[in-house]
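Just below is one structure, and these are the notes that go with it.
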């Protein structure tokens, strides 16, 4: 694999020499940092099993190497990456996999280790969505996830990835993560804090990642991280699990943050060792039981993961001073909900008791039941999935609901050819050789729902959202 030149500040190299265990080679560290990062993907098991995915993609000649800490994760090698980017493959467009760095699959593996089965989870710094979607898959779209993102521009990307993967159990918020300890104390069974950090571990992906690096900056970031982990710990219920992770390598932003929390709440913090998380995990194990992953150990990004349990309640923080405002939705009455459910089933949309119908004006939404306890405590950017808009003739079903709720075995499902599916993703109407009989058509490709179409004569009218429409070369190779 080709080398690339990474910028290393001298002070950073000195710091790494001191931080690296004697069992590891500093020369190996430098060599690993100069190698470009291996590509990796995670199969979205909400849509397809790993076995079926491997069978589906077998004809492509992809080399898929299992990632030891994630059963559905694979390093991927492809011959035609330049000809067809991974993000333009049919399987990616329909949400069958997520392009995710292997190291970043570690925190969720830690969160669900030892049979942990949380019902209400918070992802404090969620964008672009790799870990939120991984959490949802581990929960099988049940329970509820609060996915927060401080950056307004990244909330939109977060929602797009959640929608593409067919996820229905997520509520999105846009807050500084330091508010949650006061706003929602002891409300969560598990919390992932993948903290903002100095990014020292990402040089294999970005050779200039350390251009603005300084020891002083690390100290400032660590101060913010301490405030974030303190807030997250307050939001965690007694007995709950908190996973703290970063993509950086210095101890000040990693071990020291966790040790600070332990010193602050000595009777309430229990470190849960990660040495048995996967075969070979002990190679990165610290004396506290954390995983400090230098890039040469597993040939991946540098990363840090700690898991801890809250063993008892801690003193509450002062109540927040902000006002949430009125919640603009109201629950749909049982009789009407039954009528809506019946109409939705007619076009192949079905849901279970984990989701409940709510209404705002002419909009119908499905919210995860597990998030209802947070209504009135935080302001949501987006909650659950938009099911439909009502109009005089019935319902206008929404694309995100089709992707999350439809099953391809519906009587109105219509399988497209590769060329027709590509036209669909380009936002164009489709003219199949033999048009379906039904007026409302569940459009599928590779037996996966990709949208809902209206049949007008021999034409299938495209309803693919404009913001998702793709240009350029797609999976058939035609531009």
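Cβ atoms here come from the backbone N, Cα and C positions, even for glycine.
Pulled from Swiss-Prot, these are the features on record:
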- 247: active site, nucleophile (ACT_SITE)
- 125, 126, 127, 128, 129, 130, 131, 149, 176, 194: S-adenosyl-L-methionine binding site (BINDING)
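Listed in sequence order, the residues of the same chain lying 6 or more apart from residue 247 (active site, nucleophile) and placing their CB within less than 8 Å of its CB are 103, 104, 197, 199, 200, 201, 202, 301, 302, 303, 304. All protein chains considered, the CB of residue 176 (S-adenosyl-L-methionine binding site) has 12 other CB atoms within 10 Å. Cβ neighbours within 10 Å of residue 125 (S-adenosyl-L-methionine binding site), excluding its own Cβ and spanning all shown chains: 21. Mapped onto three states, the DSSP output places residue 131 (S-adenosyl-L-methionine binding site) in helix. If you take the C-beta of residue 131 (S-adenosyl-L-methionine binding site) and look for same-chain residues 6 or more apart in sequence within under 8 angstroms, you find 104, 107, 108, 123, 192, 194. Fewest Cβ neighbours within 10 Å among the binding-site residues 127, 129: this applies to 127. Pairwise Cα distances among 125, 126, 127, 128, 129, 130, 131, 149, 176, 194, the recorded S-adenosyl-L-methionine-binding residues, top out at 20 Å.
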